[in-house]
Every structure is written in structure tokens, then in C-alpha cells.
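Engineer: In case it helps, TrEMBL gives these features for our protein:
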| type | residues | note |
| --- | --- | --- |
| ACT_SITE | Glu82 | active site, proton donor |
| BINDING | His80, Cys106, Cys109 | Zn(2+) binding site |
| DOMAIN | 10-148 | domain 'CMP/dCMP-type deaminase' |
Amino acid sequence: MANKREDYISWDEYFMGVAILSGQRSKDPNTQVGCCIVSQDNKILSMGYNGLPTGCSDEEFPWNREGEDPLETKYVYTVHSELNAILNYRGGSLEGAKLYVSLFPCNECAKAIIQSGIKEVIYDCNKYKGTPSVAASMRMFDAAGVKYHPYKRTGRKIEIEL
Ligand SMILES: O=c1[nH]c(=O)n([C@H]2C[C@H](O)[C@@H](COP(=O)(O)O)O2)cc1CO
Ligand SMILES: [Zn+2]
């Protein structure tokens, strides 16, 4: 009798892998963020990445980080991966769900995460640690009882030929 395969990926690797892969769809030249929302019983409910709203052309809108005119920067237009994943969900309630994201959520996404009923955030990178936005997210998560912890990288490399 054959034994069970042993080198399968863990739930955490699976969901963070899906989040990171989703981020590969992003057109942002500087930061690509991906997100995967999962039910308490480990079913994927939604995914998202940072990008422009529907109808706003990736070719016509700016991707600049800086500029005298805020209307010529990406910041006023992009939808963050977490908000996209929340808004992409068409199935009803996200109460009690978990959210895997490749970058620690900003304060605006934290509000949406809390209000949608998500109870746990697992993040990979935290490159904006120490900024007011991240501090505000943590304060709101703590107050609202949303757990957050970093994803523990396993070092597993997965090559996919597409
Ligand atoms: O939680 C987040 N989710 C998310 O999707 N983003 C997106 C918005 C921007 O497109 C990009 C951040 O750009 P930059 O690192 O160049 O400032 O990442 C940014 C954050 C946190 O800053
Ligand atoms: Zn955000």
C-alpha cells in the first residue's frame, strides 16, 4: 500500500502563497500586495491585489509615488489589496474569517477589516512598521479584538512553470 505524500504545503504556506501570487497581478511598479481571505474551516473566500478601480485604465492613471500635484500620484486612486479582497467577496458575511496579506494592513484597510468581521490577520512583510498608519492599525486591531501575527516563513521554494 502506498504511503501518504509528506511534502505537501501547509495551510499557511498555501494561503500566503495564494496571497503572494495574487500580488503578482499588481501593476504598481514599487509595491505589489496580495491578499487571501479564508474561512475558519480553511476555505478560500476571496482574493485581491492593489490596483485601480474598475474602469480606470492602468495605462492612463499615474503610478508615481511623488509629485507636486497629488492628482498625479497613485495614492489617490489605488484600491489596496485587502479592500479589494473584501469588496470582491460576493458570498455574504466575512464574520470570523482570516486574512492573509503580503504587507501589514494600513489604517484604512484595518477599518474595513474590522468592520467586515474578520478576526485574524496574518501578514508577511511589515516594511512600513513604525509609521503612524501601522501604529493606528495595531491600535484599532487591539481595541477591536482582531488578532494579528507575522507569517512564519518556511524557506520552501515553489517553482511553477506557466
Ligand atoms: O496595506 C496595504 N495594502 C496595499 O495594497 N498597499 C498598496 C497601495 C500602493 O499601491 C502600494 C504602496 O505603495 P508604496 O510602497 O510605493 O508607497 O501598496 C499598501 C498597503 C500599506 O501601505
Ligand atoms: Zn490599505
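Here the Cβ of each residue, glycine as well, is placed from N, Cα and C on the backbone.
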Engineer: Tell me, roughly as an integer, the mean pLDDT over the domain 'CMP/dCMP-type deaminase' (10-148).
Structural biologist: 98
Engineer: How big is the gap, in Å, between the Cα of Cys106 (Zn(2+) binding site) and that of the residue listed as 'active site, proton donor', rounded to a whole number?
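Structural biologist: Spelling it out, the Cα of Cys106 (Zn(2+) binding site) and the Cα of the residue listed as 'active site, proton donor' are 9 Å apart.
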Engineer: Near Cys109 (Zn(2+) binding site), how many other Cβ atoms are within 10 Å of its Cβ?
Structural biologist: 26
Engineer: For Glu82 (active site, proton donor) and Cys109 (Zn(2+) binding site), what Cα-Cα distance in Å is obtained after rounding to a whole number?
Structural biologist: 6
Engineer: From the centroid of the CB atoms of His80, Cys106, Cys109, the recorded Zn(2+) site, which same-chain residues not already listed sit within 8 A by their CB, in sequence order?
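Structural biologist: Apart from the listed residues, the neighbours are Ser81, Glu82, Leu83, Pro105, Asn107, Glu108, Ala110, Ala112.
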Engineer: Could you put numbers on the helix, strand and coil content of the domain 'CMP/dCMP-type deaminase' (10-148), residue by residue per DSSP?
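Structural biologist: Residue counts in helix, strand and coil order: 50 helix, 27 strand, 62 coil.
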Engineer: Within a 10 Å radius around the Cβ, which one of these recorded positions has the most neighbouring Cβ atoms: His80, Glu82, Cys106?
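Structural biologist: Checking each of His80, Glu82, Cys106, the winner is Glu82.
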